[in-house]
Amino acid sequence: MEDYKLLQLETATVDAQAPPLPTKTVPVFAPPLSTPPQPNELVYTKRRRTKRKAKCRCLFFTMGMFALGVLMTTAILVSTFILTVPIGALRTAPCPAETFGLGDECVRPVLLNASSNTRNISGVGAVCEEYSEMAASNGTAGLIMSLLDCLNVGDSESVMNKLNLDDTQLAYCNVPSFAECYTKGFGVCYAARPLSPLGELIYKARQALRLDHIIPFPR
């Protein structure tokens, strides 16, 4: 019994002399406390926002002025083109059938009955009205018919084919073998060459702007 008590005392003495074991501490991270901004920081933030807004407004203003300038320049160019384009440049459409182009006009040679009163200019005008065209003077008609006769010398069909007159009575009457053509006269009708699609657009634009009385545009 005494030996057991001595053993307990020795064990307690050793335990008292042993160094304490290290303990592990776990750090606890706490969220930082929000500190109120200083007065200098508030002023700097407000100035930075003001500068951003000013830059955005300046950019929008510059882009708007650029777009406005482009639109105004386009409008000026289009208006100048509509007002100053020559009429001859817009009459580029081909002439109708049984006519041929002569400058800005489409010429239509027509045959007339010699016994009727269609040899004078008023009679030719009545024939031309059927085609919504005007009658050329006798001198002009004679020059045009003489020109056709000169072109047809040696080959009676090639010129008529080129002038889009191959299926007309005038083409047959240029051949001397048709005796019935001797009893007929001739006349010349003419009209302005048709407008091209661009010419039609410009003509309608001038009508919409009511500029016909300032800048004549014969239809």
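Placed from the backbone N, Cα and C atoms, the Cβ positions cover glycine too.
As annotated by Swiss-Prot, N-linked glycosylation site applies to ASN113 (among others).
Here Swiss-Prot flags ASN120 (among others) as N-linked glycosylation site, drawing on sequence analysis.
Sequence annotations record features per position, and here Swiss-Prot assigns N-linked glycosylation site to ASN138 (among others). Residue environment of ASN138 (N-linked glycosylation site) contains 14 other Cβ atoms, counted within 10 Å of its Cβ in all protein chains.
If you look up Swiss-Prot, you'll see 1-57 marked as topological domain 'Intravirion', on the strength of sequence analysis.
As annotated by Swiss-Prot, topological domain 'Virion surface' applies to 79-219.
What Swiss-Prot records for 58-78 is transmembrane segment, and it gives sequence analysis as the kind of evidence.
For the topological domain 'Intravirion' (1-57), the model's average pLDDT works out to 61. DSSP assigns ASN138 (N-linked glycosylation site) to a helix in the three-state reduction.
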